[in-house]
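K.L.:
From Swiss-Prot, for reference:
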- GLY13, MET14, SER15, GLY16, ALA17, GLY18, LYS19, THR20: ATP binding site (BINDING)
- ASP63, MET64, ARG65, SER66: GTP binding site (BINDING)
Amino acid sequence: MPEKEMKLVIVTGMSGAGKTVAIQSFEDLGYFTIDNIPPTLVPKFLQLLETTNDIDKLALVVDMRSRSFFAEIQNVLDQVENNLEIDFKILFLDAADKELVARYKETRRSHPLAADGRILDGIKLERELLAPLKNLSQNVVDTTDLTPRELRKTISEQFSDQSQQQSFRVEVMSFGFKYGLPLDADLVFDVRFLPNPYYQPELRNQTGLDKPVFDYVMNHEESTEFYQHLLNLIEPILPGYKKEGKSVLTIAVGCTGGQHRSVAFAQRLADDLAKNWPVNCSHRDKDRRKETVNRS
């Protein structure tokens, strides 16, 4: 039998049980996601995808909106099941009635099936209508006692590829404080206290990636001492970030203009961390001064 070409996950379940968190989790796992798609549109959408090979992992949130829901979704499941090129699963999210009521009260939203405004009545009706679909689901997750982070971890464990289950990447970047802090930085380190190559005429137009500048920055005693402290701080905390489920940790190193000191430090840090972790290194403002000079 040929290998399935597309992975399809239909995410459904009780309103308030965590479908929004779930679809965000699938997006983090590389799935193409659509939230709240009407069941009748699913077959047409899958037919559209057959004309392209760009999407191989798809997650769809299908909500209960009417009494005809089960008949509509059953029709979808029958069509998908007969498609030999689609490997599909149903993820059903559930939670205790008491917890669902508490979540609705916290968000001050009304239940979609609560015609008279009573949340519990809507929950009971929805549970009754969804019971057949829950019985068909390959994956049922009770989110009553789960935090959003724990739900993301559960979904990752059940639906990610083996290579993704332990995925964790470190982004190291240099920047210049004069151009603003990186908005996506988790950790920021300031190296403006170190000797500045800018004041050495022969180094001014070079960057921290050039050996003369790199050596000038890193060979000072205070640089050597600070770098070792920095490395000793960062290396032990990376396993903790990974354990907590963080997929990317962004470490930013800044100097005044982001051309010399921060570039040298960030590059050395990235090279050392790359011995044990997947690392990407970038230098946001390395050429900013040169571009400004050229425009003037």
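Glycine is no exception: its Cβ is also placed from the backbone N, Cα and C atoms.
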K.L.:
Reported as an integer number of Å, what is the Cα distance between ALA17 (ATP binding site) and ASP63 (GTP binding site)?
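P.N.:
With distance taken Cα to Cα, ASP63 (GTP binding site) is 11 Å from ALA17 (ATP binding site).
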K.L.:
Please state whether DSSP places GLY13 (ATP binding site) in a helix, a strand or coil.
P.N.:
strand
K.L.:
Count the other Cβ atoms sitting within 10 Å of the Cβ of GLY16 (ATP binding site), across every protein chain shown.
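P.N.:
For GLY16 (ATP binding site), the 10 Å Cβ neighbour count is 25.
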K.L.:
Could you check the binding-site residues GLY13, GLY18 and say which one's CB has the most other CB atoms within 10 Å?
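P.N.:
Answer by Cβ density within 10 Å: GLY13.
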K.L.:
Could you say whether, by DSSP, ASP63 (GTP binding site) belongs to a helix, a strand or a coil region?
P.N.:
coil
K.L.:
From the centroid of the CB atoms of GLY13, MET14, SER15, GLY16, ALA17, GLY18, LYS19, THR20, the recorded ATP site, which same-chain residues not already listed sit within 8 A by their CB, in sequence order?
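P.N.:
Not counting the recorded site residues, we get ALA22, LEU93, ALA95, LEU100, THR143.
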K.L.:
Just how many other Cβ atoms lie inside 10 Å of the Cβ on MET14 (ATP binding site)?
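P.N.:
Around MET14 (ATP binding site), other Cβ atoms within 10 Å: 23.
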K.L.:
I'm trying to understand the geometry here, so how far is the Cα atom of THR20 (ATP binding site) from the Cα atom of ASP63 (GTP binding site), in Å to the nearest whole number?
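P.N.:
On Cα coordinates alone, these residues lie 11 Å apart.
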K.L.:
Can you tell me how many other Cβ atoms are located within 10 Å of the Cβ belonging to SER15 (ATP binding site)?
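P.N.:
Other Cβ atoms found within 10 Å: 23.
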K.L.:
Which state, by DSSP, holds GLY18 (ATP binding site): helix, strand or coil?
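P.N.:
SS state of GLY18 (ATP binding site) = coil.
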